[in-house]
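Colleague: One structure coming up, written as structure tokens, with questions to follow.
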Amino acid sequence: MQISFIKCHGSGNDFPLVDARALTLSDEEWANVARLLANREGPVGGDGLLLLTPGDAAHDFGMRMFNSDGSEAETCLNGLRCTARLGFELTGLNEARVKLKTSSATARRCEAIADGVVTIETRAGPASTDPADVGVKVDAPVVDSQIPGLPSERRFTGVAMPNPHLVTFVDAVDEAELVALGDWCEAGPDLIPARANVSFVVAEPQGLFVRTYERGVGLTDSCGSAMAASAFAAGLTGRKEFGTAVMIRNRGGMVVAEAQAPESGGLVSIRGNATFTYDAGIEIDPAAGRLGELVVHNRRFDEAKAWGALVASLD
Ligand SMILES: N[C@@H](CCC[C@H](N)C(=O)O)C(=O)O
């Protein structure tokens, strides 16, 4: 079959994005499409696959997200900005209620974070520390505490956005340590059978720096739900104030996040880019695991340039 897609990124977290509202592939076929298109050795590459899906009585449209290993995630907040942008362009809406795998979120167009950078604000949650939601086999919420059985002596906060996150605050990010712990979680140990996204976070005077090992992906330049979970964890542990905008930097760029306290609803909003880099088509045989030649119809140089200027200004 021929698949048309937009290559996009939210804060450097990159994906092929498909308007799947009229496509009827099985879950297994979509998982194969994700593995093929997101393969970094292939012609497209990405951290996963995003699908714009139909809405229902309560939602304007929906989003599904498959990691590059083919597993489907509950949400993807960098991806949500890109998917919402496509939804807005195709429906004429400027704000929407979006159906996710197990929850809902809202999205709206908003003022640009920098010249020429298409910017979307999403609001998701409520963030939860309930171990049953986070998927960690412990008796009580993990908030700034060690997790018995985890091969790390660091203090973690477990947050579901609703996808599972383990967040720890560090003085400096040790990538080798992050990867070793992320790999351990990827094995689906008894402690965390559904695995987890793991983030090492540096609290800086002007905001947070977040480095994430994503479930189903590995080390990524940026993870939106990890930034949301980190903003929430920073509020819970008194490192940042709830209800205040916090700039979050990552390897791919930045977003602005604002987390509500649990007693105020526990929602987390993120304002950031939804950048489209090119529009393309490719012949794909999901069952045979075969990709044809990539045909790029349109490169969005202006958007790439605007984003590049923002990233350069962060140095
Ligand atoms: N990059 C995403 C999160 C993608 C899903 C995650 N790897 C999971 O399996 O939970 C984001 O921006 O939130």
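Cβ atoms here come from the backbone N, Cα and C positions, even for glycine.
Note: TrEMBL annotation is automatic and uncurated.
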Colleague: Out of Asn94, Asn163, Asn273, which one does TrEMBL list together with Asn13, Asn67, Asn197, Glu214, Arg215, Gly224, Ser225 for substrate?
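Modeller: It is Asn163, as the record lists it for that site.
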Colleague: Hey, for the substrate site built from Asn13, Asn67, Asn163, Asn197, Glu214, Arg215, Gly224, Ser225, who else sits with CB inside 8 A of the CB center?
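Modeller: Output for this site, in sequence order: Asp47, Ala73, Cys76, His165, Thr212, Gly216, Val217, Thr220, Cys223, Ala226.
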Colleague: Of Cys76, Cys223, which of the active-site residues has the most Cβ neighbours inside 10 Å?
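Modeller: By the 10 Å Cβ neighbour count, Cys223 comes out on top.
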Colleague: Other Cβ atoms within 10 Å is the metric here; tell me which of the binding-site residues Asn13, Asn67, Asn197, Glu214, Arg215 scores highest.
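Modeller: Answer returned by the neighbour count: Asn13.
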Colleague: Write down the Cα-Cα distance for Asn67 (substrate binding site) and Cys76 (active site, proton donor), rounded and given in Å.
Modeller: 9
Colleague: Asn67 (substrate binding site) to Cys223 (active site, proton acceptor): how many Å between their Cα atoms?
Modeller: 12
Colleague: For Gly224 (substrate binding site), which residues in the same chain are close in space, meaning a Cβ under 8 Å from its Cβ, but six or more apart along the sequence?
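Modeller: Spatial neighbours, sequence-distant, of Gly224 (substrate binding site): Gly10, Ser11, Asn13, Cys76, Leu77, Asn78, Gly79, Leu80, Arg81, Thr122, Val255, Ile270, Gly272.
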